[in-house]
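Novice: Before I ask anything, let me first share the structure, which is written out below as structure tokens.
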């Protein structure tokens with residue numbers, strides 16, 4: 001009787017783990033759609049400073065036909081596929097191609113971008129907003145060529161630095177737990 005209970009608990013844990021792993025990954029239709037962006041690899045891996053024309057045209061068609069796939073790619077962790085993908089450069093790809101995209105804040109992992117609120121009518125009074133650049137303490141101001149953000153390799157911890165647990169490792173761990181009850 002105890003063995004049945006442990007198998008049932010293990011089975012429920014396995015189903016829950018598999019469900020959470022598959023829920024976090026893009027759908028297969030989005031994976032095939034995103035693979036059409038292969039001409040963009042040289043840009044998002046840092047091997048090119050500007051995206052190619054085929055990259056920009058394919059990105060434009062993906063954004064027009066399947067914007068939910070772009071949201072899915074942004075919301076999912078970058079899998080370890082042997083490529084050194086620069087997430088910052090990947091997120092700057094639409095700007096580099098001069099392509100308008102919905103703001104990332106409108107991405108919803110389940111449904112893709114949501115509709116934008118209607119623009120205020122010309123008769124409505126909207127407050128004037130002045131945008132001014134801000135600077136960090138100790139930053140120099142004045143004439144210069146701008147600044148570049150360079151990612152640093154620190155010793156601090158961050159949840160973004162942790163790779164997701166691979167499915168095959170999870171399956172191996174479940175197998176070990178299941179077979180350990182026979183020992």
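Please read every residue number as a count from 1 along the shown chain.
Every residue gets a Cβ built from N, Cα and C, even glycine.
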Novice: When Swiss-Prot marks a stretch as region 'Disordered', which of 57-107, 108-158 is it?
Specialist: 108-158
Novice: Tell me whether residue 107 (disulfide bond) sits in a helix, a strand or coil according to DSSP.
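Specialist: Reduced to three states, the DSSP call for residue 107 (disulfide bond) is strand.
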Novice: At a 10 Å cut-off from the C-beta of residue 47 (N-linked glycosylation site), count the other C-beta atoms across all protein chains.
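Specialist: Residue 47 (N-linked glycosylation site): 10 neighbouring Cβ atoms within 10 Å.
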Novice: Tell me, which recorded positions from 47, 69, 71, 86, 97, 107 are within 10 Å of residue 55 (disulfide bond) if we use the C-alpha atoms?
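Specialist: Checking each Cα against residue 55 (disulfide bond), the hits are 97.
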